Amino acid sequence: MQLTSFTDYGLRALIYMASLPSGKMTSISEVTEVYGVSRNHMVKIINQLSRAGLVMAVRGKNGGIRLGKPAETIRIGDVVRELEPLTLVNCSHEFCHITAACRLKQVLQQAVQNFLHELDQYTLADMVKENPPLYKLLLVE
């Protein structure tokens, strides 16, 4: 299973914000510059993260973006659930004629649940705490 670039960059943006001193604002432009991502793409990602309460966006001259809640409370699995379409196969009747008797869908759903359960063991704080090499790469100290 490969995460979409939308989810990948969403996780990266959250990691960047979690690496900053607590409560410090950043900008979408700063995040896009760090990762070399399209601003339009990042705006969509930040909007979805904001709607989910994971990012707080403040408008105005002194505005910016920051984590919407403490990094210790943001589980990686929850971020993936929010950003990633987790349907591995299309099991609609018009697409697949064995849907009524197929057991593969259940197996794949269980695999996704196991994947998410594993991701739920880690928080955003786990990704950034005591990680000087990360801070150096992101140019935050």
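Glycine residues also receive a Cβ, built from the backbone N, Cα and C atoms like all the rest.
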Of the residue ranges 28-51, 76-99, the one that Swiss-Prot records as DNA-binding region: 28-51
Helix-strand-coil residue split for the domain 'HTH rrf2-type' (2-129), DSSP-based: 71 helix, 11 strand, 46 coil
Same-chain residue ranges lying at least 6 outside the DNA-binding region (28-51) that approach it to Cβ under 8 Å: 5-6, 9-10, 12-14, 16-17, 57, 65, 68, 79, 82-83, 138-139
Same-chain residues at least 6 apart in sequence whose Cβ lies under 8 Å from Cys102 ([2Fe-2S] cluster binding site): Cys91, Cys96
Averaged pLDDT score, the DNA-binding region (28-51): 96
